[in-house]
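Q: Before I ask anything, let me first share the structure, which is written out below as structure tokens.
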Amino acid sequence: MLDFINHDKDPETGKVMRKVRSFVLREGRLTAGQRNALDTLWPRFGLERDQGMLNPESVFGRDAPRVLEIGYGMGQSLAQMAAADPDKDFIGIEVHRPGVGALLMEIEQQGLSNLRSYCDDAVEILELCIPDNSLARVQLYFPDPWHKKKHHKRRIVQPAWVALVQRKLQPGGILHMATDWENYAEHMMEVMDAAAGFSNLAGPSAFSPRPSWRPETKFERRGEKLGHGVWDLLFEKRA
């Protein structure tokens, strides 16, 4: 699953300083179907950073609420959400090509016209391609928890990332995060409690029930049978 690159700005120049990469790019083997999808379907459903700032009406042929998911893995849940909510347009960002190929296959098999994907670094896409105040929802589901304390700095959910997401959400837009690591859930809540411009939809420092739009994964169901928890956080951008 794609994670973010935590970054800060140089206080003197204001330029972004890329510091700690929070994903490891391990290119898995492509299946024949995934390779064919990348070759034949990417021109129709793929988005490129070189295209510059996204023009949603040009891409989707309409102006509808837009949902962005960072790190969609193999794409089944994202495709399921797009199929279940045809009145919204969905954009995924994933750096691993097998996952992108798998999503493209889902798009074709399900005949989805409201789903597109980047295969790129999320921070650069957010900065260069996603207009400010343009997203109805940003989704981050089960990011790498980097459970060792010495690696916590690699976690995607950091103040700089939250501030960037806040810029991209429209007023009233939702940041939805989910994790199955309790320590990471606590870290997420700590960062969000300190973030400016957000309101916790469940109340101060409270976790939310899983909303209807987030599909329950097989992995999640197995974990629940073993007594493992899942924590959802829903925060709304204040106007």
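The backbone N, Cα and C atoms fix where each Cβ goes, and this holds for glycine too.
Remember, it's a predicted structure, so these values are computed and weren't measured experimentally.
Pulled the feature table from Swiss-Prot, pasting it below:
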type	residues	note
BINDING	Glu69, Glu94, Asp121, Asp144	S-adenosyl-L-methionine binding site
ACT_SITE	Asp144	active site
BINDING	Lys148, Asp180, Thr217, Lys218, Phe219, Glu220	substrate binding site
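In terms of burial and nearby residues, how do these features look in this structure?
A: Of all the Cβ atoms in the protein chains shown, 26 others lie within 10 Å of the Cβ of Glu69 (S-adenosyl-L-methionine binding site).
Within 10 Å of the C-beta atom of Asp144 (S-adenosyl-L-methionine binding site) sit 20 other C-beta atoms, taking all shown protein chains into account.
The DSSP secondary structure for Thr217 (substrate binding site) is coil. Non-local contacts of Thr217 (substrate binding site) by the CB criterion (under 8 A, 6+ apart in sequence, same chain) comprise Ser77.
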